[in-house]
Amino acid sequence: MTEIVAIPAFADNYIWLAVDRNRRLAAVVDPGDAEPVEAALRASGLRLSAILITHHHHDHTGGVEELLAAHPVPVYGPADESVPGVSQPLREPDAFEVPGLGLPLRVLDVPGHTAGHIALVADGALFSGDALFAGGCGRLFEGTPEQMYASLGKLAALPEATRVYCGHEYTLANLRFAHQVEPDNPNLTQRLRQAEAARQRGEPTVPSRMADEHATNPFLRAHLPAVRTAAERWSGQTLDEPVAVFAALRRWKDQS
């Protein structure tokens, strides 16, 4: 059975370790820094079997070359981005098993945050990188609102029980923004309180469940009247299509 373990890195990154404790093997997702990965492997007596990358940003790839120097393992990453060390380029609809773990993953193209961003989907789990966050989504550094809205639609179509393993601990800021958009959403108010309590205890707020995102994440709720009304009020524009609502929400969040 595969266990997913969070490795905090930098100020707010999460590196994810997919672990088979019986085989004493692990695969790492988005290792922005090699040192905490090596420390986690040593502490649990694990050997690295693969490196998995969602997008090219350095805080998700900065540890790849150092890890490869110590562990000559395959590196899976986006085919349409330049990531040092990638030996197994991926794009939708590729599917593969993680070496040593037997964990099946399928690939979704989710451009928006970066042009070639991919997400990795297992049974009941999503490694979303910086595409979908708990309560939010990634900034549009390279893609368009239309691309990101379509990408989030793919992710939102996954089963509600899917656990979302995202790349950053941005949840409090995301939910506080979401509460500006939907102050009368009781699910959002409850989730914000739970997240605040978790952070006060020093606990992570991720993974979330896709059901939580459907109920509280404004970027997955751009089709709803209350969200559209809030976006129109902020933008001072009539927004006839959900993608226009999404684009206004993203600008609003960027400026908040």
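Note that Cβ sites are derived from N, Cα and C of the backbone, with glycine treated the same way.
The Zn(2+) 2 site in Swiss-Prot is built from D59, H60, H168 plus one of D20, D80, D94, D130, namely D130. According to Swiss-Prot, H55, H57, D130 bind Zn(2+) 1; the candidate from H113, H179 that the record adds to this site is H113. Annotated pair D59 (Zn(2+) 2 binding site) and D130 (Zn(2+) 1 binding site), C-alpha to C-alpha distance, rounded: 11 Å.
Taking the C-alpha positions, the distance from H113 (Zn(2+) 1 binding site) to H60 (Zn(2+) 2 binding site) comes to 13 Å. For the binding-site residues listed here (D59, D130), the lowest count of other CB atoms within 10 A around the CB belongs to D59.
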